[in-house]
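Copied over from TrEMBL, here are the features:
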DOMAIN    61-101  domain 'Alpha-D-phosphohexomutase alpha/beta/alpha'
BINDING   Ser69, Asp281, Asp283, Asp285  Mg(2+) binding site
ACT_SITE  Ser69  active site, phosphoserine intermediate
DOMAIN    110-172  domain 'Alpha-D-phosphohexomutase alpha/beta/alpha'
DOMAIN    181-287  domain 'Phosphoacetylglucosamine mutase AMG1'
DOMAIN    302-440  domain 'Phosphoacetylglucosamine mutase AMG1'
BINDING   Glu376, Ala377, Asn378, Arg502, Ala503, Ser504, Gly505, Thr506, Arg511  substrate binding site
DOMAIN    492-531  domain 'Alpha-D-phosphohexomutase C-terminal'
Amino acid sequence: MPPSSLRVVYAFAREMHPKTTDVFIQYGTAGFRTKASLLEHVVYRMGLLAVLRSRVKNGRTIGIMITASHNLEPDNGVKLVDPDGEMLEQSWEEIATRLANVSDNDLESTTAEIIKQVNSDMALKASVYIGMDTRYTSPRLAAAAVHGVMALKGTPKEFGIVTTPMLHFCVKCRNDNTYGTPTEEGYYEKIVGAFKNISQKLPVVGNYNTTLYVDGANGVGGKKLNIIKKSLDGELDLVLFNLGGNGGKLNLNCGADFVKVSQKPPVGIEHVPFQRVASLDGDGDRLIYYYVDDKNEIHLLDGDQIAILLASYITELLKSCGAQELRLGLVQTAYANGASTRYITQELKVPVTCVKTGVKHLHHAALSYDIGIYFEANGHGTVVYSKEAKNVVRKIAEEGEAEQRKAAQLLLNFIDVTNETVGDAISDLFLVESVLRARGLDVRDWAALYRDVPCRQLKVTVQDRNVISTTDAERQCTSPEGLQTKINELVSKYPSGRSFVRASGTEDVVRVYSEADTQESADKLAAEVAQAVFDLAGGVGDRPELPE
Ligand code: 16G
Ligand code: MG
């Protein structure tokens with residue numbers, strides 16, 4: 001493509017997706033995310049960037065997902081998906097930020113500079129898959145992405161409304177056809193098909209009950225489960241609520257993030273005590289289970305508990321297969337409840353790595369194990385299996401002793417239920433249900449595996465959240481001066497106390513996390529640390545208070 005044809009980059013921008021704001025925007029942990037009204041030019045430019053990225057990757061397909069996940073309806077966002085279905089390579093985040101912020105007048109020349117910088121061969125074909133969540137602002141933004149792709153002569157393919165993990169899956173399949181078929185149907189075929197295979201091998205035993213209630217957060221995940229529901233042949237009876245419609249608003253008082261952070265059940269259903277409920281987030285990449293007891297108290301089974309359930313079952317299958325030489329490990333963040341880390345290392349004897357918040361960090365660390373399980377406490381996570389691990393299990397499934405073969409075949413189905421590209425609420429839900437069914441567990445049996453230490457999360461608004469720097473996977477804070485010393489002093493007053501602070505990557509706030517032996521102490525410790533952040537890191541607005 002000769003440089004003169006970059007003129008169209010400017011033409012599209014000026015005529016259709018002009019930059020109408022000077023607010024600086026940054027590619028953060030989950031792409032660009034802000035008020036939908038500030039995003040159109042950004043998404044158009046990400047269409048341009050996706051084409052350059054595809055060419056740098058020799059014409060392999062790149063994904064663009066329009067979503068703001070668990071944020072409320074007025075927000076939206078955009079993120080790029082790399083060829084293997086993983087998050088955009090970190091070194092490109094800066095390039096994305098630069099392209100998003102230049103003026104329309106400088107767009108053409110900046111695009112030319114970036115083409116040179118990344119060495120993108122404009123003669124190559126380029127392919128971009130585009131998906132969006134259910135927000136009413138999403139179609140318009142998806143159209144802007146399509147224009148960006150067209151402006152640089154790439155080939156866009158629109159998937160319409162899909163969950164974020166479905167788009168990741170399709171991108172991966174398009175670039176590696178051994179993984180599956182790159183369509184929504186291909187996703188159902190592989191993931192739901194494998195779940196049905198598992199179910200047929202495992203009779204319902206013990207306390208397991210095939211009825212599962214699901215809070216769809218009024219987003220895309222619930223809608224897709226409504227499609228899947230009909231094909232489950234009674235292996236799982238899904239009772240779905242918060243499916244959108246009936247005035248229910250996206251993520252408002254419902255969904256995985258609401259349940260996790262507020263530690264309250266979602267609206268939208270009368271809770272029957274001890275019913276097993278799963279809560280998805282708005283774009284279907286997070287999953288939290290919970291139940292309400294007979295005193296109307298909620299019991300959460302979050303990403304930590306999901307990770308433990310999966311780790312213990314995979315460990316058992318590996319043992320039955322005789323494949324214990326495969327190294328299984330778990331990846332968590334500082335938000336993992338201390339009790340979960342103790343249970344994993346001491347009871348399950350599985351090694352744990354702690355990394356910084358953000359899927360890309362967890363995913364990356366998980367790849368260093370033969371079988372790596374990663375979960376954030378907020379319910380985002382999955383399992384990744386190395387080629388070697390898959391080969392070993394396949395071989396046992398064909399050549400092992402009868403009992404070993406049986407376990408290996410179950411494990412192969414389990415691998416197929418997994419969306420290895422990224423955390424996926426739907427895939428994770430089927431993984432969890434498989435384990436509960438295999439073990440004959442009810443939600444209470446699962447919750448009884450270990451007890452969480454009480455914890456609390458708070459946020460503090462400060463002038464500039466970048467004054468907070470951290471080290472040791474965000475568990476220690478290195479600036480502003482004196483803050484860590486103060487935190488240590490506060491923590492030392494509480495039995496089993498632990499607390500850390502970090503700047504949010506998605507909101508203009510500093511997050512505070514605390515744990516202690518009682519809920520009251522955890523709440524108090526969080527409030528005290530929040531005060532310290534307010535005082536030492538330039539708090540603005542009201543002083544932080546305890547949540548009700
Ligand atoms: C994003 C991240 C998630 C992380 C969260 C933290 C991805 C795809 N998502 O949603 O992993 O837990 O940000 O948000 O990386 P925070 O920085 O605002 O606490
Ligand atoms: Mg999400």
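Quick reminder: no glycine exception, Cβ is built from N, Cα and C everywhere.
Recorded features from TrEMBL, shown on the structure.
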{"residue": "Ser69", "record": "Mg(2+) binding site", "Cβ contacts under 8 Å, 6 or more apart": "Ala30, Arg33, Gly77, Asp133, Thr164, Asp257, Asp281, Gly282, Asp283, Asp285, Arg286"}
{"residue": "Glu376", "record": "substrate binding site", "Cβ contacts under 8 Å, 6 or more apart": "Gly303, Gln332, Thr333, Tyr335, Ala336, Thr357, Val359, Leu362, Gly423"}
{"residue": "Asn378", "record": "substrate binding site", "Cβ contacts under 8 Å, 6 or more apart": "Ala256, Asp257, Lys260, Arg286, Ile288, Asp302, Gly303, Tyr335"}
{"residue": "Ala503", "record": "substrate binding site", "Cβ contacts under 8 Å, 6 or more apart": "Arg465, Asn466, Ile468, Val509, Val510, Arg511"}
{"residue": "Gly505", "record": "substrate binding site", "Cβ contacts under 8 Å, 6 or more apart": "Gly28, Thr29, Ala30, Thr357, Gly358"}
Determine, from DSSP, whether Ser69 (Mg(2+) binding site) sits in helix, strand or coil.
coil
Apart from its near flanks, which chain residues at least 6 from the ends of the domain 'Alpha-D-phosphohexomutase alpha/beta/alpha' (61-101) lie with a Cβ under 8 angstroms of it?
24-27, 30-36, 39, 41-43, 45-51, 53-54, 107, 110-111, 114, 117-118, 126-133, 135-138, 141-142, 145, 164, 167-172, 174-176, 217, 249-252, 255-258, 281-283, 285-286, 359-360, 363, 420-422, 506
Within the domain 'Phosphoacetylglucosamine mutase AMG1' (181-287), count helix residues (DSSP H, G, I), strand residues (E, B) and coil residues, in that order.
35 helix, 15 strand, 57 coil
Hey, what's the Cβ neighbour count for Asp281 (Mg(2+) binding site) at 10 Å?
35
Please find, for Glu376, Ala377, Asn378, Arg502, Ala503, Ser504, Gly505, Thr506, Arg511 as listed binding substrate, the greatest distance between any two Cα atoms, in Å.
17
Tell me the residue counts in helix, strand and coil for the domain 'Alpha-D-phosphohexomutase alpha/beta/alpha' (110-172), as DSSP assigns them.
32 helix, 13 strand, 18 coil
Confidence summary for the domain 'Alpha-D-phosphohexomutase C-terminal' (492-531), mean pLDDT rounded:
95
Under the DSSP assignment, what numbers of helix, strand and coil residues are found in the domain 'Alpha-D-phosphohexomutase C-terminal' (492-531)?
13 helix, 12 strand, 15 coil
Across all the protein chains here, work out how many other Cβ atoms are within 10 Å of the Cβ of Asp285 (Mg(2+) binding site).
32
Among Ser69, Asp281, Asp283, Asp285, Asn378, Gly505, please name the binding-site residues whose Cβ is nearer than 6 Å to ligand 2.
Ser69, Asp281, Asp283, Asp285
Please count the residues of the domain 'Alpha-D-phosphohexomutase alpha/beta/alpha' (61-101) that DSSP assigns to helix (H, G, I), strand (E, B) and coil.
11 helix, 13 strand, 17 coil
Considering the binding-site residues Asp283, Arg511, which residue's Cβ sits among the greatest number of other Cβ atoms within 10 Å?
Asp283
